[in-house]
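Colleague: I have a structure I would like to understand better, so I am pasting it below and will then ask my questions one at a time.
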Amino acid sequence: MLDKKTLEKFNQEHLIEFEKLMSSNEKEHLSEKLESLNLADIRNLYNDLYLNKKVIDDVSSVNEVKYDVKSEFTVDEIEQYEKIGLDAIKKGKFAVLLMAGGQGTRLGYKGPKGSFEIEDTSLFEIQAKQLLALKEQTGQYIDWYIMTSKINDKETQLYFESKNYFGYDRDHVHFFMQDNIVALSEEGKLVLDVDSNILETPNGNGGVFKSLAKSGYLDEMTENGVEYIFLNNIDNVLVKVLDPLFAGYTFQKSMDITTKSIQPKDGESVGRLVNANQKDTVLEYSELDPEIANEFNNANIGIHSFKLAFINNVVDNDLPYHLAIKNLKQLDEDFGVIELPTLKFELFYFDIFQYAHSFVTLQVPREEEFSPLKNKEGKDSVETATADLKRMNMI
């Protein structure tokens, strides 16, 4: 039996009505789940991020980051960075971390986004091919850590098995899952998913390091002598996975965080790399006044190297949640399936930047290194991704 007094206190009394329609099993699961939740924290999230949502319009303490521009490097500098990078990779100083917890829903595709194929080559394979090329160059397999989610973990692993890991050594491919967090209605109420459980969604890419630690892989990296983690996501089809130049740049600069950026277009809805209160960080486009966003010259493209010692030091530090509103399937009061705007709470990995003591940015050419695949048609679509991959001779 649910505690009516507690539920009323936190605006969740509707669950008592849901409980009346449930089987004994479902009631038990609901009760157990509610016991594991901190309803006060959930109410605070709702109040802070939805009811009192703030947009950053005062940037008096926000400045441009210091950055290098790849196109301004001399031939000698490029060769030197590449030499340093290949040597570091050969010595096992880098691991690669891929964030791939999403589904291909917006592409009109059922399945993990990474298994979506463009002209018979999946997004996973595009990245695996680059790691295989590095193996040929260095003689070393780089450990590849792939973050999945509850919604795609099993399918992702089965996909890799069906493709024989694209010829990569399966002992060097490691999967782990990101955590979930409850979703809420626009009234701040917990909702039920189509299986009559409290609806949860992946907690955003910011949980990547805690999940990596929980899986034991952070310790494994340390034991293996890894010094840097190269991080990227599955969305960018032109990503250069641990390209030797960036590896060498990372290794020589020896910063807590080394990041890639591109020159943003006016009005482009990507986060901006900025220096705020003496710390390099990312301000999300949705949290910035559009006119102010256009003042900054470096867009975040989700490609970074993190010093492993830095991650080990800060992995337990708290990160703030951010709000996203998505249409999600859920049960109505009669247990019918409906789709409604739902509040998702997400951690962003770049909020860990606030704890870094050193940071450097390398601006790279957009046309060579950035082509996000987000939509079935139009902007950032299958068509644009296909054209860019062909232009760069990647398919």
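The backbone N, Cα and C atoms fix where each Cβ goes, and this holds for glycine too.
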Colleague: According to Swiss-Prot, MET99, ALA100, GLY101, GLY102, LYS113, GLN178, GLY204, LYS344 bind UTP; so which of ASP68, ASP235, ASP243, ASP380 is the extra one listed there?
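Modeller: Same UTP site in Swiss-Prot: ASP235.
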Colleague: Where's the emptiest Cβ shell within 10 Å among the binding-site residues LYS113, LYS344?
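Modeller: Each of the binding-site residues LYS113, LYS344 was scored by Cβ atoms within 10 Å; lowest is LYS344.
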Colleague: Of all the binding-site residues here, GLY101, GLY204, which one's CB has the most other CB atoms within 10 A?
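Modeller: Output for this query is GLY101.
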Colleague: Are there any residues in the same chain, six or more apart in sequence, whose C-beta is under 8 angstroms from the C-beta of MET99 (UTP binding site), and if so which?
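Modeller: Looking at Cβ-Cβ distances below 8 Å from MET99 (UTP binding site), excluding near sequence neighbours, one finds MET147, ASN205, VAL208, LEU231, ASN232, ASN233, ILE234, GLY302, TYR349.
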Colleague: Among MET99, ALA100, GLY101, GLY102, LYS113, GLN178, GLY204, ASP235, LYS344, recorded UTP binders, what is the largest CA to CA distance in Å?
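Modeller: Max Cα-Cα spread across the UTP binders: 20 Å.
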